[in-house]
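Over in Swiss-Prot, the protein carries these features:
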BINDING   Cys58, Cys61, Cys73, Cys76  [4Fe-4S] cluster binding site
DOMAIN    152-344  domain 'Histidine kinase'
MOD_RES   His158  phosphohistidine
Amino acid sequence: MINEDSIQLDTLLKKYYEHSIEKIVFADDNGKIIAMNDAAKDILSEEDNYSAVANAICHRCEGYTNAYDVQSCKDCFLESMQVQATNFQVFMKTKDQKVMPFTATYQLIDQDRGIHAFTLQNVSSQIEQQEKLHQQRMMRKTISAQENERKRISRELHDSVIQEMLNVDVQLRLLKYQEDTTKLLEDAENIEYIVAKLIDDIRNMSVELRPASLDDLGLEAAFKSYFKQFEENYGIKIIYTSNIKNTRFDSDIETVVYRVVQEAILNALKYADVNEINVGIRQTGRHLVAEVIDAGNGFDPSSKPKGSGLGLYGMNERAELVSGSVNIETKIGEGTNVTLNIPI
């Protein structure tokens, strides 16, 4: 290791302070700025002080990043007069009125004299690169979700609609050779029944693809309609609780909540072997939470999932599109609890 005395550490630190692109500000215990390097003068003025409401920072600050927002002034640490050592991401306005992202640190460096250091490092290029990577990931996830949805629709069309239409086609062809009037009427009634069932299948598929009530009336109405249809089709009771009433949310959020709940219910139908499923939707502070709970078979999360596994994967994919998360708690023989949490 190089001997610090031989290279005059104080001189190097002074040169770093004077020539660094990092913005460095020193302040006393009262918040009065006592020194700043040239880089800091792009944002702060030597006449500024932040003894009361952190004026030197606040009058240039456009918000800091917290757990809920990229830019927010809510619960800012500078509102407290007892500021401890901290680091955070903040958006500051430069003297040419450009808003730039910075990584900031604030810490006590000389306890005897009460000297604090406030530093800012521009992270614009890092943020831009992260945003590009995030957009690329989201694009891949979106394309993957779309392809999975297309595959599902293709299977539904082939297994139900097309098969029923082929059945009708055969029945109609046979009518040409039917001479018995009574049998002809029976065949016609059978065709009528098949067509009616085909219409129901197409209608149900349309609702599954995108229920009109979701766009027109929101989650509450869409879920009530879907649960009623689900109970009629499968004989499984849905116990639904909610505190959102007719509250509307962002369209993307409503879509994700609807799809994740729908997928969780269908998984319970396929694998849980239950007579009822509990569904809860609630708004808690700045979060929208959806739960689907069954007391069925459960499964081992560490083992290979039944079926294709795309259902569980798709739920996580959808949640990530709106910065949400899906948590699955399950144990063999003790049921499954699927929880979706989305910041709003």
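Glycine is treated like the rest: Cβ placed from N, Cα and C.
Taking the C-alpha positions, the distance from the residue listed as 'phosphohistidine' to Cys61 ([4Fe-4S] cluster binding site) comes to 58 Å. The recorded positions considered are Cys58, Cys61, His158; of these, His158 has the fewest other C-beta atoms within 10 angstroms of its C-beta. In the three-state DSSP reading, Cys61 ([4Fe-4S] cluster binding site) counts as strand. Confidence for the domain 'Histidine kinase' (152-344), expressed as mean pLDDT, is 85. The DSSP secondary structure for the residue listed as 'phosphohistidine' is helix.
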